[in-house]
Each structure stands twice: as structure tokens, then as C-alpha cells.
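Undergrad: Take a look at what TrEMBL says about it:
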DOMAIN    13-257  domain 'Nodulin-like'
DOMAIN    327-532  domain 'NFD4 C-terminal'
REGION    290-315  region 'Disordered'
TRANSMEM  79-96  transmembrane segment
TRANSMEM  108-134  transmembrane segment
TRANSMEM  173-193  transmembrane segment
TRANSMEM  213-231  transmembrane segment
TRANSMEM  237-262  transmembrane segment
TRANSMEM  333-351  transmembrane segment
TRANSMEM  357-379  transmembrane segment
TRANSMEM  400-420  transmembrane segment
TRANSMEM  426-447  transmembrane segment
TRANSMEM  459-483  transmembrane segment
TRANSMEM  503-524  transmembrane segment
Amino acid sequence: MGTLPSPGTEVGKWLGFVTAVWVQCISGNNYTFSNYSDALKSLMGLTQLELNNLSVAKDIGKAFGILAGLASDRLPTPILLLIGSLEGLIGYGAQWLVVRQTIPPLPYWQMCVFLCMGGNSTTWMNTAVLVTCIRNFRRNRGPVSGILKGYVGLSTAIFTDLCSALFTEDPASFILMLAVVPVGVCAIAMIFLRETPPSSTAVDDAESRYFGWINVAAVVIAVYLLVFDLTGDHGVIISRIFSVGLIVLIAAPAIVPAFLWFKVRSASMRAANSDLEVARNQIQEQLLAGSRADENSSPAEAAENGTQEKGLPRRPEIGEDHTIWEATRRLEFWILFVSFLCGVGTGMAVMNNMGQMGLAMGYSDVSIFVSLTSIWGFFGRIASGSVSEYFLKKSGTPRPLWNAASQIFMAVGYVVMAMALPGSLYIGSIVVGICYGVRLAISVPTLSELFGLKYYGLLYNVLILNLPLGSFLFSGLLAGLLYDAQATKTPSGGNTCVGGHCYRLVFVIMTFACIVGFGLDVLLAMRTRNVYLKIHMSKKLKKSGRQQQQQAIKS
């Protein structure tokens, strides 16, 4: 009676989702470079361009995420998690040895390799989590993407604030956390996170309610972190209490599978001596017989199946499953790809250079800006996933329109930061964080809706090639070269720049990039309008069918 739920059950599916949330809480370590970049810069005597190129090496690791994408269709989820956690242990472990000065600074190229490994480790974890959960909850892709990407956004603040509370912002201890914690969390997820067959029962309303509970827990964590960041310095006792409270809040989503387990157990006991369950199953079989064939497909996919039954092979339409070769031959894929580059590339430049931006503006402690970008990025991710899903179900609003809106607001954020007025870095980091979060959370379900789930793991990792590409273009080249042009040499061999002029031109150029991205997103929304209308009608018909089913059972 007290055994653990099987991963193949509905309870097991939700327990797997909760462990996926925990993995996402620690898989945003790639965004924390600003927290220890200054230590690397001083230890290795680097210029800003050299430091930015180290950051680019970290992001280039994501380019090798194509390997994780290929493996996602061939290896089980636990193996993907194992590979990612061990690679991160090696990559961040080597950095920890250098920053702790256990070993002398490694040659520049070797540091690039270890940073690349740390960056690549997250692609294995993210691929395992996203592909599995999107397939397990394919009828609620927006909320799934928003929640998972939201917790990735929070992970930077979680690591930063825990390290600040427990280790007084010691960069060596911070990197040690990045190396060790993911191994333990992934070990738990390996046990429970599995792909499960889709349910044949009507569970959309219940799923939405459970996702709502997890959303509430995530918002509480974000507010909790924000209050801690904005209330200044804390004593040792308060910091320890904060750390315990944070861990409890992170564990809170486990209430959902626990509730489900008790609900299922109680229902089983009540139905033990009743024929109600048999009658209900018979009615469900009759009502669902005509819809099971396309339960897990979009309307376009159903049309494809009908055509193939007639023996007429054809090029897949938007909304149907595409191989990577078929996707790259479509204009819509490249519109999504380039617009994604404009959003995430410029956002990566801000996050990678936030430490130097804060120092240039006269702030001695830049961790607050790193946390603000992370926390508000969370709000952008988690809100956009649920809001876009709501409007898709209500009126068939294309998801790319939300990306277009985020691009405009991001451009406004860059203008504010370029002005370099008092407090502009606070405002800019919040705006950029929100818009970066929206872009990530919206693009994940958009990709699956336009090009299908069958080859989603590989398609997703091709799309996020924009992360290293954008980091190289906007952070490594643009920000690095323009900063060095304004900087002065330091006695240690590095350089520094103080003042609003250091990054002004960088922000202006990134503003124009966001305007280009806005135009591309509007174009994509226009070209995919019919796809989203079909998805809207499909959801509407299924909801009507569930209502008829419930009425039949009651009668």
C-alpha cells in the first residue's frame, strides 16, 4: 500500500514533471557567468574581449546540443540526464579548481574547453526535460514550456542567493555549487522522469488546475527571492533561515503528485465493490472511438495521415511532423530562427556583460542586477506560457505575436540602458529579463506546433544554435570590441572602462536588431495564422466532446 508510484501511471507522470522542474531549477547555471567572471578576469589577466570570448566558449557548448537532440530519439531520458550532469561536473569542477587557486590558471584554450563543457551540459538536461514533458503533456504545451523555462530563469537567482546566503558571495564556492548540485538533482530525476503514453481520458481541466498550482508555487519563490535581494545585507542567522525556506519552496510542487496519489487511492477504494467504473469505461470507449486516432495530432497532422492512407506521399505542411531537412527548406523555419537570434542574442549579450555593465555604471555589487534579470525573466516565461495558451484556446491568437510584442519592449529596455540615467540599469535589466523570458517560453511550443513533435529534440537544439551564435555576434564581437575601444589599460594587463559611454553604442545597435526581430515575428504570425486557427478549432471541438461525455456519464 505504501509503495512509490510507478512512472507509467498518471501520478508517476506528474512526479516526473516535478523532478523536471527541479532539474530546471539548476540547469540555468549557464547564465551565471557574470557572478564569477571578474574573478577569472583578474586571475588570468584578461582583456574584456578575451573575457567575452570565454563567455562565447561557454555558449558555443550549446551548439553541440545537436548531439543531445540526435540522442533524444535513441537514448532514454535517464541516460541524457546522466551525460549532462557528469559533463557539468567536469566542466565546472575544473573552473572551481582554478578560481579556488588549487591549481594555477590553465592555458586560455583549456579554459575555453571546460567552459564549453559546462555550457553543453545544460543542453542534455534541457533536452531530456523539454522533450519528455512536452510529449507527456502535449495538450498543454504553453503552460509546460512556461513553467519549465520559468524555473530555468529562476535558477540563476536561486544559485546566486543561496551562495550569497551560505558562502558570502565567494566565487569559488559558487562554482562548486554549479558543479555538484546538478548531479544530485539529476540523480533523482533519473528515477521518475519517463515518457508516458497519452491518456485516453479527459484530463485537460485537471491538468490546467495542477499547472496553476505549480505556477503559484513558482511565483511565491520568485517573490521570496526578490524580497531577499531588495532588503539589503542580512545576518548569518537570517541567511540560513532564508536558505532553508527556499529549499522548502522548491520542493513544494511535489504536493501535486502527492495529492493525485491520495485521490487515486481513495477512488480505487470507493470503486472496489461497484460496477460504476466498468460502465464509465464502456461509455468512454464509445464516445472516444472516433477521436482516438487524432488525439495526439494537430488537425494538419490528421489531414496528413488521411492523405498517406490513400498512398499519396507529399511534402509536409506547416503543423505536421517535419524532419530537420524538411524544416530547413521552409521559409517559416528561418523566419523563426532569425527572429529568435535577434531576441536571445541581444539578451545573452546583456547577461554575459552584466557584471562589467554594472561596474561601468559605478556599482560595486552587480549581483543584484544578475538576480533581477533572472527573476523578472522568470515572470516573463511563466506568464507568457499560460497567457499565450489562454488566447490560443479562446481566439486562435498566433503565438509569434507575443514574441513580436517582447521584441518591441526589449528595444525600449535597450534605449533606457543607453541613456545611462540614474536607475536605468535597474529598469533595463528588468525589461530585458522579462522580454528574454517571453522569447524563450513562446518559441518552445511554437516550434512544436509548426514542425511537429516527432523530431522535436533535434529541431529544438538546431533552433538554440542561436544562443552561441548570438553570444558570439552580440557579446563576443559587438560588446567586446566596442568596450575595448573605450577602455583604458590596467597595471595587471587587463583593461577597464567607467561611464555610460562604455556600452551606449552596443545598446543602440541591439535596439535596431530587436526592431528587425519584431518585423519577422509579425510576418511569421501572418504566415501561420491558419495553423493556429486549426489548433483553436481542434481544442474547441475536444472541449465540446468532453462536455458531452460528462453529461452522458451523469445520465
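Every residue, even glycine, has its Cβ placed from backbone N, Cα and C.
Fair warning: this is a prediction, and the values are worked out from it, not measured in the lab.
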Undergrad: Can you find at least 3 Cβ pairs under 8 Å between the transmembrane segment (79-96) and the transmembrane segment (426-447), where each pair is 6 or more residues apart in sequence?
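TA: No, the transmembrane segment (79-96) does not contact the transmembrane segment (426-447).
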Undergrad: Mind checking which residues of the chain, 6+ beyond the ends of the transmembrane segment (426-447), have their Cβ under 8 Å from one of its Cβ atoms?
TA: 130, 134, 141-142, 144-146, 149-150, 152-153, 336, 340, 343-344, 347, 350-351, 354, 369, 372-385, 388-389, 399-400, 402-403, 405-407, 409-410, 412-414, 416-417, 456, 459-460, 463
Undergrad: Taking 333-351, 357-379, 459-483, 503-524 as candidates, which has the most Cβ pairs under 8 Å with the transmembrane segment (400-420)?
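TA: That would be 503-524.
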Undergrad: Over the domain 'NFD4 C-terminal' (327-532), what is the model's mean pLDDT?
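TA: For the domain 'NFD4 C-terminal' (327-532), the model's average pLDDT rounds to 87.
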Undergrad: Sort out the residues at least 6 away from either end of the transmembrane segment (333-351), same chain, that have Cβ-Cβ distances under 8 Å to it, and list them.
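TA: Same-chain residues near the transmembrane segment (333-351) but 6 or more away: 31, 33-34, 59, 327, 357, 370, 373, 400, 403, 406-407, 410, 414, 417, 428-429, 432, 435-436, 439-440, 443, 446-447, 450-451, 463, 466-467, 469-471, 473-475, 478-479, 506, 510, 513-514, 516-517, 520-521, 523-524, 527.
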